[in-house]
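The structure under discussion appears below in the form of structure tokens.
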Amino acid sequence: MNSLERTERTASGGFSIDFKALGPFLALVALFVLGTAINEAFLSGGNLANIFTRAAFIGIIAVGATFVITAGGIDLSVGSMAAFISGAMIVVMNTLVATLGAGIETVLIGVLLSIVLGVGAGAINGLVSTRGKIEAFIVTLGTMGIYRSLVTYMADGGTLSLDFEMRGVYRPVYYGDVLGIPVPVIVFFAVAVAGYVLLNMTPFGRKCFAIGSNEQVARYSAIHVDRVKTLTYVIQGLCVSIATIIYVPRLGSASSSTGVLWELEAIAAVIIGGTMLKGGYGRIWGTVVGAIMLTTIGNILNLTDAISNYLNGAVQGLIIIVAVFLQRGDWRRKKSK
Amino acid sequence: MTDAAVYAVNPDQQARTRLSGRQICKSFGSAQVLFDVSIDLKAGEVHALLGENGAGKSTLVKILSGYHQPTSGALILDDAPVAFEGSEVGENHGVILIHQELNLAEQLTVEENIFLGREIKRGWFLDKATMRQEAAKLLDQLQCDVDPRTRIRDLSVSDRQMVEIAKALSKKADILILDEPTAVLTGREVDILFDQIRRLRDQGVAILYISHKLDEIKAIADRVTVLRDGRHITTEPVAGLEKDDMARLMVGRDIKQMFPDRTPGHAGDIALSVRNLSVDGQVRDASFDLRRGEVLGFAGIVGAGRTALMEAIIGLRERSSGQIERNGNRVVINSLQDAKTCGIAYLTKDRKGSGLLLNMDMRPNLTLLALEKFGRVIIDRKAEEAALEAAIEAFDIRAADRKSKVGDFSGGNQQKLLLAKVMETDPDIVIIDEPTRGIDIGTKSQIYHFIGDLTNRGKSVILLSSEMPEMLGLSDRIAVMAAGCITGILEGNDRNEHEIMRHATGISGKQGVSVHE
């Protein structure tokens, strides 16, 4: 009987659950309305393409972060990892230009290297935290420092620039489009769809939810907890590598300031999207919307003089806190009491 | 009886009623759990509160100590009505409740826990030396040789319970309520606890002692109040009651109806055979056979190594030696996955901590252990829904809304869901650890009948339980463990409480020697 009563109470809170799922979408719509009100140029095709293209980097990384966080982990190293992979790609491709020439092969080798490095770095994060039984926060804080200093070392404190000829060959990966849709946006969408399927429809995704909810229960349910957790970091690494592959042709350079604070933006996108930071619940589409929201805020601030663009971080920070507060739903329950 | 004599020495304290509950009713939402219950706690008396799980004992004591507010009814302290709005108010009036679940800060030390929130200070600073002395003194009274500087997380459960008791003693309780304090204690520790209870009683403290263990009530209590299904059944002096009387009052019907009819002698071939299994420091040289269609009970006091033995069999714990045979073939089980492949399933006793995902609804919980059955690449949601439909039907899981979180379910429905989850793997052997902990009596009986059905279908069950009626009512044979060894496997007429206790305490049976012939 007791359970019946409690169930009813949760059921009557159904509206707030809907709100939780739709919240990020509603907020994004509100931002778009605001953007249009401020400047009509906001809705122009060029501006929208710009928003989605820029959102693609953080968005792709954040899709990976959704897995890590859903399974109860955290990865702080993604920004540094992106910088390190960028630097390594540039160094290797520049070297190969001498032998292979500035062609597609060189780009493909660069891409392959990126994937190997991303998967490898993810596996290191995963294995050290699970096998070594060290908190993921600590492990990835450590690797964050390591990758960051490696790229600084490779660039000798300055900037690594991609060979000029190579830039021309590699350029379409960022600047190209298919049927008018920029390549990064297509990649972003593809990664999101793949992430959605993996997280919500496969046994692997289900296991991520289970581990994030309660590792002990997962262990008693014959789940190889360490293996699944390590895989989430590998997926994260793969996502970082994909993001880096489309990032390198954008500027054609890498330095110690590449990808700074990306980890925080990625985590913010995940959390705004409704994934629980303590694990056990993740939502890929929420993450996608979260990433687009973060980019949109910056874009709107660029279009208006009302708030200085330098306050971009402050506005983003405010939105993150408000988003989490709204999703928690406590405010609703208190009102009803 | 000598206790009664001591008690008679203080006649002036005898009559003084310290705390009363009058016509207390309590509802949680639409579910009423207490109906017009009245109880008097007198100075210098140990009052026992007896009742089955779910009878409302814990709710009543939480009301008496201010953790819950009654829906209706009154509390009277020393002849004046009081309202304990929160446990702090109750504690300020000298009413201390020792919870069934332990409430200690794991990362803090023993002394820090004992004085938590009431730290002794010198000026602005903590007076650690004095607190350590006081803590050591309290633990000494309890003959508990724990260093006050140890962190709680490094203590065994029974030591933690002793710390909890030390903490309550340090609060100078006038009215001390103990909610099933012996659940995790060893026999010696229970004796020490009882000595302390008697000492406090002789000092004029009013004590309310909650248990469903009749032996303990006979040993320690002066009067007993029996609750059943949230109603007050009787309050009588313990001296005039036999254990059978108390059991009848507590259950309210013939206990034999609780259990499925077990037709003896229908057990078949040996399904599982464990030989000389040891786990470092926990199990020594355990051997037993499990036949098809039988319930093999495992009895023993807490810490006897029963759970460790079972976890070693299913690959959740490392074995230092031993062999396992299934249907006569040697098998190697190094993980739960291996156990699953061998057709062995395990129902944890900790359904909230390691059994169910409380923040999720039923469907993912049901299919988690047998996930590959529902698709290796993509999970077939329709198949999952169908399985859930079938499980709800088969195990009579009562949930108003399938989308509600499992954490909101009653213990009984959680336990049924856990049973359904494990049965999704279609095991031949089911190891059930404490199948009815914290479950109401109706659901208990249902679960007993599920277990009976399993054996009727030729499956084998290993039952671990600390509840004697359950052990005796369900098991065909009973293996008893003491200090990591199987001290005996009782069959036929030997299957009684007396023999179990003799083996569990090491009076009977061979220590450290496999008794399998």
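Glycine residues also receive a Cβ, built from the backbone N, Cα and C atoms like all the rest.
Among the features that TrEMBL reports, transmembrane segment is placed at A:21-39 (among others). Counting residues 6+ beyond its ends, the transmembrane segment (A:21-39) has Cβ neighbours under 8 Å at 272-274, 283, 286, 289-290, 292-293, 296-297, 299-300, 303-304, 306, 319, 323, 326-327 in the same chain.
The transmembrane segment annotation in TrEMBL covers A:51-74 (among others).
Residues annotated as transmembrane segment in TrEMBL: A:81-101 (among others).
Feature annotation from TrEMBL assigns transmembrane segment to A:107-127 (among others).
What TrEMBL records for A:134-154 (among others) is transmembrane segment. Tertiary neighbourhood of the transmembrane segment (A:134-154): same-chain residues 68, 73-77, 79-81, 83-84, 86-88, 91, 121, 124-125, 128, 160, 233, 254-256, 258, 263, selected by CB-CB distance under 8 Å and a gap of 6+ residues from either end.
Feature annotation from TrEMBL assigns transmembrane segment to A:174-199 (among others). Beyond its flanks by at least six residues, the transmembrane segment (A:174-199) meets 49, 52-53, 55-57, 59-60, 63-64, 66-67, 70, 205, 208, 235, 239, 242, 246-247, 249-250, 282, 284-285, 287-288 of its own chain at Cβ-Cβ distances under 8 Å.
The transmembrane segment annotation in TrEMBL covers A:230-248 (among others).
Look at TrEMBL and you will find A:260-277 (among others) tagged as transmembrane segment. Remote same-chain partners of the transmembrane segment (A:260-277), defined as residues 6 or more beyond its termini with a Cβ less than 8 Å from a stretch Cβ, comprise 20-21, 23-24, 27, 57-59, 61-62, 64-66, 69-70, 74-80, 82-83, 144, 212, 283-291, 293-294, 316, 319-320, 323-324, 327.
Feature annotation from TrEMBL assigns transmembrane segment to A:284-301 (among others). Sequence-distant contacts of the transmembrane segment (A:284-301) (same chain, at least 6 residues past either end, Cβ-Cβ under 8 Å): 21, 24-25, 27-28, 31-32, 34-35, 38, 42, 47, 50-52, 54-55, 58-59, 62-63, 65-66, 188, 192, 195-196, 199-200, 265-266, 268-275, 307-309, 311-312, 315-316, 319, 323.
What TrEMBL lists as transmembrane segment is A:307-326 (among others).
Here the transmembrane segment (A:107-127) has long-range neighbours at 75, 77, 81, 84-85, 88-89, 92-93, 96, 100, 136, 139-140, 143, 147, 166, 169-170, 173, 229-242, 244-245, 248, meaning same-chain residues at least 6 beyond its ends whose C-beta is under 8 angstroms from one of its own.
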